[in-house]
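A.B. asks: There's a structure below that I have some questions on.
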């Protein structure tokens with residue numbers, strides 16, 4: 001098939017590789033290069049890097065001008081596939097291919113519409129998620145569902161492990177969707193159920209609210225594992241004012257009622273230290289203070305950098 005592929009990030013690259021492996025004819029639309037944080041060097045989108053290496057035609061439009069639209073039309077695509085493109089695709093573009101354009105979304109729509117469905121599902125303690133292939137419309141993730149497949153979420157899953165599972169499931173859903181189109185089947189079902197939203201993450205999302213239950217804080221850790229991580233500032237103790245990132249935590253107990261929350265409660269030999277929550281306690285296993293390497297929480301408390309009774 002002739003496929004118009006919209007994608008940018010490393011996730012998108014995995015899907016482009018799959019299409020290339022299947023010997024489809026591909027034309028890539030990706031985002032412009034971005035300047036590095038320091039210096040003048042430009043960072044290429046992962047999809048562009050793969051396209052250049054494999055002699056796949058691509059464009060990087062800032063906007064979908066008339067010339068860009070004409071270039072896309074001239075490719076005469078059978079369908080369009082969008083995976084983590086990162087920009088809105090206008091109707092005049094997504095309607096160009098014979099079978100329109102579909103998106104691979106990492107949730108069971110209409111749940112978790114938006115840019116960060118995996119992270120928000122984990123933060124809210126969901127036990128099930130999945131992949132949706134759906135036709136792109138002008139609304140946010142509102143189009144008709146072509147295929148949905150479910151995936152159970154393990155309590156040990158974090159954003160990295162769950163994302164890896166969903167990437168593989170999404171590739172399977174993409175291939176099944178393309179096979180439907182190849183057979184001339186392009187039906188879709190309207191989305192049903194109450195929608196929920198998964199907006200882009202911000203650094204402040206990682207701030208721990210100790211007045212929550214231990215399980216809720218653990219879910220926050222799981223969801224924000226890749227970025228921005230979870231953190232808190234010491235408000236009472238030797239390191240007052242220092243921000244601590246929690247690199248590995250566990251639920252130590254889930255139902256104790258604590259008079260105060262955010263208190264370093266106990267040292268647990270060779271494991272770390274516990275912190276009280278509104279209900280329950282978390283066990284800090286690995287941590288990182290500002291501008292320092294990641295260390296064992298047990299070693300940190302042994303070094304008397306933090307003590308029972310200190311407060312976050």
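Cβ coordinates are placed from backbone N, Cα and C, and glycine is handled just like the others.
Copied straight from Swiss-Prot:
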- 107, 108, 109, 110: (6S)-5,6,7,8-tetrahydrofolate binding site (BINDING)
A.B. asks: Helix, strand or coil: which one is residue 107 ((6S)-5,6,7,8-tetrahydrofolate binding site) in, per DSSP?
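C.D. replies: The three-state answer is coil.
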A.B. asks: Measure from the Cβ of residue 107 ((6S)-5,6,7,8-tetrahydrofolate binding site) and count the other Cβ atoms within 10 Å, all protein chains considered.
C.D. replies: 24
A.B. asks: May I ask which residues of the same chain, at least 6 positions away in sequence, place their Cβ under 8 angstroms from the Cβ of residue 110 ((6S)-5,6,7,8-tetrahydrofolate binding site)?
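C.D. replies: Counting only residues 6 or more apart in sequence, the Cβ neighbours of residue 110 ((6S)-5,6,7,8-tetrahydrofolate binding site) under 8 Å are 141, 142, 191, 192, 193, 194, 195, 196.
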A.B. asks: Could you say which of the binding-site residues 108, 109 has its Cβ with the most other Cβ atoms inside 10 Å?
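C.D. replies: Of the binding-site residues 108, 109, the most buried by Cβ count within 10 Å is 109.
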A.B. asks: List the other residues in this chain whose Cβ sits within 8 Å of the Cβ centroid of the (6S)-5,6,7,8-tetrahydrofolate site residues 107, 108, 109, 110, in sequence order.
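C.D. replies: Here the non-site neighbours turn out to be 105, 111, 112, 113, 117, 130, 132, 141, 148, 191, 193, 195.
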